[in-house]
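Q: Before we start, here is the structure in question, set down as structure tokens.
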Amino acid sequence: MTTHVILVARAFGAKGVYIEGKDEKMVKSILKVIDSWGGSSYFLVKEIENGKSIVNEWKEKGGTIIHLTMYGININDFQDRFEKIKYPLLIIVGAEKVEGWYYHNADYNIAIGNQPHSEVAALAIFLDRIYKGRELYMEFEDAKIKILPQKAGKKVIRSG
């Protein structure tokens, strides 16, 4: 699931991810995607030991912490605040049970609905709302593989 969250983060415009813990195989897989599909200077992947320290650093620097959770306020009720959010954003998505500390230290707990759902879907919808669909046209200059959109069929352009 973590790999899918990272792929969505990259494809939907996030500038990078922090991964709590070590997973060499997963990081290697993501770096391979970045090498082929681009984004090496745009999208950073960093393994960390303690997510709480990143949250505290982010707050000290004046950024905003968004925690995506089914227990938060509905994203539709948050819509008018998107223009007023202080950047940079740190978006927290958690697998399984997230510690209560994150709920209390996030600036906003936002739900993509109050039913059980995937972190992948929540992140995709949230980023799409922030970027208003512009992220769907994003291209990376250093991509070795690019898709040329087709009405029918598939066209892939390879370089390097």
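Yeah, the Cβs are placed from backbone N, Cα and C, and that goes for glycine too.
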Q: Among Leu68, Leu127, Leu136, which residue does Swiss-Prot annotate as binding S-adenosyl-L-methionine together with Gly94, Ala95, Glu96, Lys97, Val98, Ile112, Gly113, Asn114, Gln115, Pro116, His117, Ser118, Glu119?
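A: Between Leu68, Leu127, Leu136, Swiss-Prot records just one in the S-adenosyl-L-methionine site with Gly94, Ala95, Glu96, Lys97, Val98, Ile112, Gly113, Asn114, Gln115, Pro116, His117, Ser118, Glu119, namely Leu68.
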Q: Max CA to CA distance in Å over the S-adenosyl-L-methionine-binding set Leu68, Gly94, Ala95, Glu96, Lys97, Val98, Ile112, Gly113, Asn114, Gln115, Pro116, His117, Ser118, Glu119?
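A: Looking at Leu68, Gly94, Ala95, Glu96, Lys97, Val98, Ile112, Gly113, Asn114, Gln115, Pro116, His117, Ser118, Glu119 as a set, their Cα atoms extend up to 17 Å apart.
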Q: Which number gives the other C-beta atoms within 10 angstroms of the C-beta of Ile112 (S-adenosyl-L-methionine binding site), all protein chains shown included?
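A: I get 22 for this one.
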Q: Can you tell me the three-state DSSP label for Ala95 (S-adenosyl-L-methionine binding site)?
A: coil
